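Features as listed in TrEMBL:
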- B:13-34: transmembrane segment (TRANSMEM)
- B:63-84: transmembrane segment (TRANSMEM)
- B:96-119: transmembrane segment (TRANSMEM)
- B:139-157: transmembrane segment (TRANSMEM)
- B:169-192: transmembrane segment (TRANSMEM)
- B:198-219: transmembrane segment (TRANSMEM)
- B:226-246: transmembrane segment (TRANSMEM)
- B:252-268: transmembrane segment (TRANSMEM)
Amino acid sequence: MNDIIVSMNNISFTYERKKVLDRVNLDIPQGAFIGLVGPNGGGKTTLVKIMLGLLKPDEGEVTLFQQPISQFKDWQKIGFVSQKANSFNRGFPATVYEVVSTGLTAKVGYFRFFNKYHKEKILHAIDQVGMLDYANENIGNLSGGQQQRIFIARALVNDPELLILDEPTVGVDQENVHKFYELLHRLNKEEKITLLLITHDTGTMTEHATDVVCLNKTLHFHGKPEQFEDMKEKDLSMIYGHNVNLVTHHHSPEEQQ
Amino acid sequence: MITDFFQYEFLRFTFFTGILIGIIAPLLGTFIVVRRLSLIADALSHVTLAGIAFGLMMEKLFLITFSPLYSGMVFSVVGSVLIEKLRYVYKAYQEIAIPIILSGGVGFSVIFIAVANGFNNDLFNYLFGSVSAVSRTDFLMILCISIFVTVIVALFYKELFTLSFDEEHAAISGLHAKGIHLLFIMLTALVIAASIRIVGVLLVSALMTLPVAAAMRLAKGFKQMMVLSILFGELSVIIGIIAGYYLNIPPGGTIVVTSIIILLLAIAKNKWGIGSKKVRESL
């Protein structure tokens, strides 16, 4: 059960002569729900990009599912919902079904068409996020929270073992944030999908996550949510470099950008 | 009224060619529009003009006769590859590739025309299209291009759509984004070369974008938009060619004006008609 599916050892990364990550170690055990928090520019997205092979670290090693990243081919095991999913072209004329189908394109492969099995998979993924009624709706007609669910369905359609979400709740109102976490909770507990969630929202996240990781160039904290809550009061301003308002869970849009 | 089109062979070829480009131009146009590459079609059509001018020059100076569409096609495809290279060189300012290629196309055209000491109304036909210019060879070539383009789009539909919707995600999921994009832009170049006989260099991009713009107002989903675009494109081409013939106007003009009318009707229907109710919720 406690197999390590992602292992990052001594990762350092420099971006335009500025060190963004400094000897970071992070292991993700199977079945975990990890909340990755930290200030803007603290290297969260960079770390994930390294994990996905989009960036090469200056130093350090990444192991995915017991394989060095250079040899890893099974990318379908990792689902990724990027921050950009929030800012996609909202007028794009595609139905929910069509958008989710793009998740299967690479898996089905060249010169092959979607068959009945794939079509059922697509509908199942849409059902998993509770959006089946909207399958034939234009994605542009949905709310931000609903669109975010569709992007998760696009990742789920490949049956990923690990799902990485980068700031998925930006631009989603508080009530829907709640429903959103319920969905993540269900995916983690019932579908046994390991989750890595990058977020600013340290409040709601700690109610659901099994582990919290705090990153600002180096790893400042890695432990249970309860410990994180205790530590928050004392140390978080040090990590963030200024006083953060820990009481409100709702961030202003400027802060979230 | 339409009987002339079945009586005269040259009109028949024009008519069938029109039907073909009415399919393939909007077919590729749907991808071009959603990827915000509409201007690339314009740039490529001007490169095609350079190719055509080159062909006409060879004919006039060296009496080497071949359909100028062949040289137009070669220039267009080479231009499409150059655009891709330039877009890569200027990563942050990708659209700069368009004026470079567009002005380059016009520049070479002017030189070829001057070297050949000017052409007669042949060139005018290439600029604005013609109802009487399609020969049997042209028709057969355009037929081959149309079949080729349709088959490739059908084969790579899911890849093209995935790439159009979200380039980053397509790359992460392991698609060969660069290769597919290159394939797509070369198909575009072929379609432009094929369409020029009827709609002309200056208006070929309109046939690729206007029907799509109209369909976008009405369609639900991408596939539906594609079907509607082809329908609108076909309608514009048929009405445009017949009107052009009887009114003695180059069909480029009548086709584009017809598509503009369709576009206006689509916008009007969407605005005041019984369009689909939006479930957009404010966020």
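Placed from the backbone N, Cα and C atoms, the Cβ positions cover glycine too.
These numbers come from a predicted model, not from an experiment.
Note: the stretches the transmembrane segment (B:169-192) and the transmembrane segment (B:63-84) are in contact (3+ CB pairs below 8 A, sequence gap of 6 or more). In summary, the transmembrane segment (B:226-246) lies against the transmembrane segment (B:13-34): three or more C-beta pairs, each 6 or more positions apart in sequence, are under 8 Å. Residues 14, 17-18, 21-22, 25-26, 28-30, 32-33, 38-39, 41-42, 45-46, 48-49, 52, 125-131, 134, 188, 191-192, 225-233, 236-237, 241, 250-253, 255-256, 259-260, 262-263, 265-267, 269-270, 275 of the same chain sit 6 or more residues outside the transmembrane segment (B:198-219) yet have a Cβ under 8 Å from a Cβ within it. Note on the transmembrane segment (B:13-34): residues 5, 40-41, 131-136, 138-139, 142-143, 145-146, 149-150, 153, 160-161, 164-165, 184, 187-188, 191, 194-195, 197-199, 204, 207-209, 211-213, 215-216, 222, 225-226, 229-230, 232-238, 240-241, 251 of its chain, located 6 or more positions outside it, place their CB under 8 angstroms from a CB of the stretch.
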